[in-house]
Amino acid sequence: MQKYHFTGLDCPDCANKLESALNKQSYVQEARVVFNTNTLYLKTQDMPKALALIKQLEPDMELSEQVQSEAKPSAIPLLLSVVLYLIAVATIHFSAQNWALHLSYALLAGVYLVAGKDVFLGALRAIRNKQFFDENTLMLSATIAAFGVGAHEEAVSIMVFYSAGEFLQQLAIARSKQSLHALLDVAPNHAVRKVGQELQEVEPSALAIGDVVIVKVGEKIPTDGVVLRGESLLDQKALTGESLPVNVKEHSAVLGGSINLKGVLEIQVSKLYADSSVAKIVDLVSNAVSQKSQTEKFITTFARYYTPAVFAIALLIALVPPLLGHGDFDTWIYRGLFALMVSCPCALVISVPLGYFGGVGAASRAGILIKSVQTLEALSQVKNIAFDKTGTLSKGEFNVIDVVPIAPFSKEDVLQHATCAQILSTHPIAISIQKAYKRQCQHEVKDYQEIGGLGVQASCHSHLIIAGNDKMLHKYNIPHDTCSLEGTIVHVAVDGKHIGYIVVADTLKDNAKECLDGLKHAGIEHMCILSGDHEYSTKRVAKELDCPYYANLLPEDKLNAFKDFQAQHAHKSMFVGDGINDAPTLARADVSMSMGSASQISKESADIVITNNSLESVLKVFKIAKKTKRIIIENIIFALAIKAMFIVLGLSGDASLWEAVLGDVGVTLIALANSMRTMRI
């Protein structure tokens, strides 16, 4: 699929119509016009023909493969129109001279033409393309009808206020787009490659694995790599949501898109730019907002029928009452024009996708990557969550929580011998014991041997040391009376004598309890833990969190347990895992979330990726989803209510046309401002 950036398209309804027209063509497999990011995705067998159709429907639209800045709308024509309109109206009402009145009406005609230039051109283009219910066509029809019933000043005021509204709307849209583009602007735009003693400025995409790049203070790291020389602080807020700078030095892994805050770094490239963390993040966010939620699809379909329906209502208001003898045609045509004033669905067509985009953007800034707006919408409907334990609720890091010596040996003796036996091991349990001892083994270790599933043995200071589980002691016929201990136990024996054991456990993540309590308050009704770990460890964590659990689950068992969990409870269910061993369950869930890091994004298959590995982000993304949904519903209800109110006012004759125009424009601006609140969640 080809991706284009465009300029010259300033109407969201026009974007929807262009997308619909392209998708109707037999030579187009798929077309998506994303108004909020000025992006066109096009998959076609005949690109020249597709581009020609775009030019026919939107002559001012310019396509480019590079992002281009849009020119800001000029306020001069609008200001000129307003000034001349006020002069003309004042002259009509306060001057009795015939020549002044004639001049004033000539001025009104000029104002009408200047203010309505874009409307005339848009209407002409719409009629040529057989789009008779285009907003420009309807606005032109309304003003001509107003002239026809003698409401000359109001006809011109409609055009002036409509132009003012369009100008303010364009400014608001431009501002919102700037916020959205800033979100996607985390990608570096250049790299300084070191070749020998020469420095070359190149595109990040031109870098190869093994290249060396120089990154100065204030510059972005072009792609993922490893620090060869230098020490610095990196700002990774745009990638992980972490506000505190990260300290890096020689041999530290760094992420593309990080901003260098201090010192010069020499970095060896470890990933091509296309595979880098920052490229994946930009791609995920861009792809997310290019999709349409169910609400957006409904609004797009609704807008297709809304305008013709309102036009029909306006026609009925204008014709039926006078034909039935209730008043004259001029009065009812004037009232029917009210319906035409509210015939444009812009308030909904703009605000709904912008609201979802803002929600995705707010999540991204917090280190939460949502892969589609459909996911954000579905997340607001989730009532049930199942958690993996290790690496999700717990840190996935073992710690020594108890040391039990057997007299005459001490805790120090047990830790020392266990450390010496496991000094060459890289197993997480061995590392936790070494960390607890806090000293290095002072004696030479010989004959080190790992025995799969049991433990290790080694010779140290003329002693044979064994460190392992209960089965290890039985294998070597070492007497002991501690066979039924619960938990992860490392027994230690020296020269065939059991000297004690060490209890090792995974620890809960910070704020895990607060997070689950927060989820309950946020509307989650049912939670459980699905773990592949043994019963004791899972039970201990579940007890701390006051949560049901299932332990000793293989991947297929975990999938079946989650299916049962889904079947037992109504509404959508989500699974939160580490994204590594939970693939079947992640795929089964209505919404799937994985705890990971920014460097693992390309490996994740979940709908949502928490790049900062924080449980607080699980609660935050729920709040974002619910607030986004609430804001969008507010906009829909508000816009439809105001439009209905103006139709009623039109029927009763209690307001003038220019008030209807201002009201309709005001609805759009308020809905737009309300949608932008999602960016600040």
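Along the chain as shown, the residues are counted starting at 1.
Using the three backbone atoms N, Cα and C, a Cβ is placed for every residue, glycine included.
Secondary structure at CYS11 (Zn(2+) binding site), taken from DSSP and collapsed to helix, strand or coil, is coil. Close to CYS11 (Zn(2+) binding site) in the fold, though at least 6 residues off in sequence, lie GLU135, CYS346, each with a CB less than 8 Å from its CB. Annotation source Swiss-Prot lists Zn(2+) binding site at CYS11, CYS14.
As annotated by Swiss-Prot, Cd(2+) binding site applies to CYS11, CYS14. Other C-beta atoms found within 10 angstroms of the C-beta of CYS14 (Zn(2+) binding site) number 23, with every protein chain shown included.
According to Swiss-Prot, the feature Co(2+) binding site maps to CYS11, CYS14, an assignment based on sequence analysis.
Positions annotated as Mg(2+) binding site by Swiss-Prot: ASP578, ASP582. Taking the Cβ of ASP578 (Mg(2+) binding site) as reference, residues of its chain lying under 8 Å away and at least six apart in sequence are, in sequence order, ASP388, THR390, GLY391, THR392, GLY396, SER594, MET595, GLY596.
In the domain 'HMA' (1-66), the DSSP tally of helix, strand and coil residues is 26 helix, 22 strand, 18 coil. Residues or ranges marked as domain 'HMA' by Swiss-Prot: 1-66.
Summarising the annotation, Swiss-Prot assigns topological domain 'Cytoplasmic' to 1-72 (among others). The average pLDDT computed over the topological domain 'Cytoplasmic' (1-72) stands at 84.
As annotated by Swiss-Prot, topological domain 'Extracellular' applies to 93-102 (among others). Residue counts for the topological domain 'Extracellular' (93-102) under DSSP, helix first, then strand, then coil, are 7 helix, 0 strand, 3 coil.
Mapped onto DSSP classes, the topological domain 'Cytoplasmic' (125-131) shows 4 helix, 0 strand, 3 coil. Marked as topological domain 'Cytoplasmic' by Swiss-Prot: 125-131 (among others).
Per Swiss-Prot, topological domain 'Cytoplasmic' is recorded for 175-308 (among others), and the stated evidence type is similarity to another entry.
What Swiss-Prot lists as topological domain 'Extracellular' is 328-332 (among others), and the listing cites similarity to another entry. Listed by sequence, the residues of this chain that lie at least six past the ends of the topological domain 'Extracellular' (328-332) yet keep a Cβ under 8 A from its Cβ atoms are 149-150, 317-319, 321-322, 653.
For 351-630 (among others), the entry in Swiss-Prot reads topological domain 'Cytoplasmic', with the evidence type similarity to another entry.
According to Swiss-Prot, the topological domain 'Extracellular' annotation covers 653-660 (among others), on the basis of similarity to another entry.
Secondary structure by DSSP for the topological domain 'Cytoplasmic' (677-681): 4 helix, 0 strand, 1 coil. If you look up Swiss-Prot, you'll see 677-681 (among others) marked as topological domain 'Cytoplasmic', on the strength of similarity to another entry.
Marked as transmembrane segment by Swiss-Prot on the basis of similarity to another entry: 73-92 (among others).
Under the heading transmembrane segment, Swiss-Prot lists 103-124 (among others), citing similarity to another entry as support. Within its own chain, the transmembrane segment (103-124) is flanked in space by residues 77-78, 80-81, 84-85, 87-89, 91-92, 95, 134-137, 139-140, 143, 152-153, 155-156, 159-160, 162-163, 166, which lie at least six positions past its ends and keep a Cβ under 8 Å from the stretch.
Outside the transmembrane segment (132-151) by six or more residues, the chain places 11, 13, 17, 112, 116, 118-123, 125-126, 158-159, 162, 307-308, 311, 318, 329-330, 333-334, 336-337, 340-341, 343-344, 346, 657 with a CB less than 8 A from a CB of the stretch. Residues annotated as transmembrane segment in Swiss-Prot, with similarity to another entry given as evidence: 132-151 (among others).
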Students should find that the Cα atoms of CYS14 (Zn(2+) binding site) and ASP582 (Mg(2+) binding site) sit apart, in Å rounded to an integer, by 43
Segment-segment contact (the transmembrane segment (309-327); the transmembrane segment (631-652)) at 3 or more Cβ pairs under 8 Å: yes
DSSP assigns the residues of the topological domain 'Extracellular' (328-332) as 4 helix, 0 strand, 1 coil
Which residues, sitting 6 or more apart from ASP582 (Mg(2+) binding site) on the same chain, put a CB under 8 Å from its CB? ASP388, PRO555, LYS558, PHE575, SER594
Secondary-structure category, per DSSP, in which ASP582 (Mg(2+) binding site) falls: coil
What DSSP reports for the topological domain 'Extracellular' (653-660) is 4 helix, 0 strand, 4 coil
Tally of DSSP helical, extended and coil residues in the topological domain 'Cytoplasmic' (175-308): 49 helix, 36 strand, 49 coil
